[in-house]
Amino acid sequence: TTRRVVILSCLYIFLLEFQAGLQIPSALALLEQRLCYDVQPGLPWPPASDDPACKTTQVQGRLASFRGLQSSLDVIPGLLTTIPYGMLSDTWGRRPILILATVGYTLSVAFQIFVFSFGPVFPAPMLFCSTIFMFIGGSPSTMSAMIFTSIADVTAVSSRADVFFAVSATYIASEVLSSPLAGLILLHSAWGLLITSFGILLATFVITMLFPETGTMLGAKSRTQTMAASSDAEGSVPEPAQAGRCQSTVEKISRIWRYVSTNKRLVALTISLVFVVLGRFVQEMLLQYTTKRYNWTWSQASFVLTIRSISNFIVLTVVMPLASRLLLMHRRGRNSSSNSASATSKDVWIARVSGVLGIIGFSLIGFAYTPVILCTGLVVVSLSGGMSSVLRSLLNSLVEPRHLGRLNAVLGIMELASLLVAAPALSQSLRAGLRLGGMWIGLPFMCAAAIMTVSTGVVWLVSI
């Protein structure tokens, strides 16, 4: 059963991210055409993808602002519903919530396609209404939380980080394939690429129907163990004796918050993970950044970003697992009495080194005067690709099994709350960089390096 859960999780992530890898460049290209037409209505519809009029600072600034606002709006459904859906997953199960979230996301993408299909007829801000559909299931943050929770349900602490690496590697593998395919199809049609991505999304929904329910796999044995451990575990909060169905959501959220906030290590690592997510969010701007900085087409940018995907894939399939095993052997040799402590120590060191590499990589991208420096920065950033997986593994190892669903819901809500503020801020930094010109075009990536510095500093300071 564990093998089935991991395989289906990897397949689900692969198809979902493969779809996103095709959808994002196609949606950006179509949105750029739409905004370009708004700025210069004298252009023929649709404007050519390589039309210099669409690469002006005014158009690109609007595109950056639009994307930032869209990202912030997409955060709101998850911000309001991730914790309730996370709690429901502990009672209803992981599978129903995953299915519901996938349905909501599919409807959201379908609405965007509907708006794009009418060209300049509908105003571009109508695309913002696609966010409404994400209230069904709680947005992609819930999907991610359910996948990681399902894996945590069926894997041991010592092997959990490696499994998370495998899931992350699957995500990167989808990028390796989707980036060149997106570039190839974009040479002919942005619409063809968008429709292809939607077909893959429908296939992703089929995968959710094959998922087993992992919430029940903990069984009576796990419940007995966690009840016994809850009285002794540091920072744990026992369930109320009579937690009936009518217990208020506010009460439950309060207990979850107390459970997390009373454990200093949980707080520190959660903060670190949030900053990692913020730092990596800026990578969504790579396509627009490269098209503007080097005067590339969307197709050319998609091809070049394949370097990042290939590097990430090698790191997560070869470098990270190898480093994980070598460090685990080294730590067990020094602390043979506790395999759990050795695994935790190993994860901490991987997170620390990954963070330092992330700082260097984002700095290189931010100051990439030439494509060669850009490619070097992309490779270095890829070496930090396992940091979020390691931090998730560490966080999951610090809580009791019965709290896994709620913990991952809290992680999701923290990430979303930070993105609500960071998405428009980072988008505005891109707009400011475009306006200032010169080296400041890479301003968002300079900000990402600063964000990664905070995250890495927390991991170096925390003691586990």
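Every residue, even glycine, has its Cβ placed from backbone N, Cα and C.
Predicted automatically and left uncurated, TrEMBL annotations should be read as such.
Outside the signal peptide (1-29), and at least 6 residues removed from its termini, the chain residues within Cβ reach (under 8 Å) are 49, 63, 67, 109, 112, 116, 140, 143, 147, 150-151, 153-155, 163, 166-167, 170-171, 173-175, 177-179, 181-183, 185-186, 190-191, 193-194, 196-198, 200-201, 203-204, 207-208, 210-212, 214, 217, 284, 287-288, 298, 301-302. Summarising the annotation, TrEMBL assigns signal peptide to 1-29.
Within its own chain, the transmembrane segment (97-118) has Cβ neighbours under 8 Å at 23, 27, 30, 34, 77, 85, 88-89, 126-127, 129-140, 142-143, 146-147, 150, 191, 194-195, 197-198, 201-202, 204-205, 208-209, 211, counting only residues six or more beyond its boundaries. The annotation transmembrane segment is assigned in TrEMBL to 97-118 (among others).
What TrEMBL lists as transmembrane segment is 124-151 (among others). Within its own chain, the transmembrane segment (124-151) is flanked in space by residues 5-6, 9, 12-13, 16, 31, 34-35, 38, 66, 69-70, 73-78, 80-82, 84-86, 89, 94, 97-105, 107-109, 111-112, 115-116, 160, 163-164, 167, 211, 214, 392, 396, 404-405, 408-409, 411-413, 415-416, which lie at least six positions past its ends and keep a Cβ under 8 Å from the stretch.
Residues of the same chain lying 6 or more positions beyond the ends of the transmembrane segment (163-185) and with a Cβ under 8 Å from any Cβ of it are 6, 9-11, 13-18, 20-22, 25-26, 147-148, 151, 155, 192-193, 196, 299-303, 305-306, 308-310, 312-313, 315-317, 320-321, 324, 385-386, 388-390, 392-393. Annotation source TrEMBL lists transmembrane segment at 163-185 (among others).
The feature transmembrane segment is assigned by TrEMBL to 191-211 (among others).
If you look at the transmembrane segment (266-283), the same-chain residues 6 or more away from its ends with a CB under 8 A from one of its CBs are 71, 235, 260, 308, 351, 355, 358, 362, 381, 387-388, 391-392, 394-395, 398-399, 410-411, 414-415, 418-419, 422-423, 426, 444-445, 447-449, 451-452, 454-456, 458-459, 461-462. Per TrEMBL, the feature transmembrane segment maps to 266-283 (among others).
Taken from TrEMBL, the feature transmembrane segment applies to 303-328 (among others).
The list of residues near the transmembrane segment (349-370) in space but at least 6 beyond its ends in sequence, with Cβ under 8 angstroms from a Cβ of it, reads 161, 272, 276, 279, 282, 286, 293, 320, 323-324, 327, 376-387, 390-391, 394, 439, 442-446, 448-449, 452-453, 455-456, 459-460. According to TrEMBL, the transmembrane segment annotation covers 349-370 (among others).
If you look up TrEMBL, you'll see 376-395 (among others) marked as transmembrane segment. If you look at the transmembrane segment (376-395), the same-chain residues 6 or more away from its ends with a CB under 8 A from one of its CBs are 148, 160-161, 164-165, 167-168, 172, 266, 269-270, 272-273, 276-277, 280, 283, 305, 307-308, 311-312, 314-316, 319-320, 344, 347-348, 350-351, 354-355, 357-358, 360-366, 368, 407, 411, 445, 452, 455, 459, 464.
What TrEMBL records for 407-427 (among others) is transmembrane segment.
If you look up TrEMBL, you'll see 439-462 (among others) marked as transmembrane segment.
Under 8 Å from some Cβ of the transmembrane segment (303-328) lie the Cβ atoms of residues 158, 161-162, 165-166, 168-169, 172-173, 175-176, 178-180, 183, 283, 286-287, 290, 296, 342-343, 345-347, 349-350, 371, 374-375, 378-379, 381-383, 385-386, 389, all in the same chain and six or more residues away from its ends.
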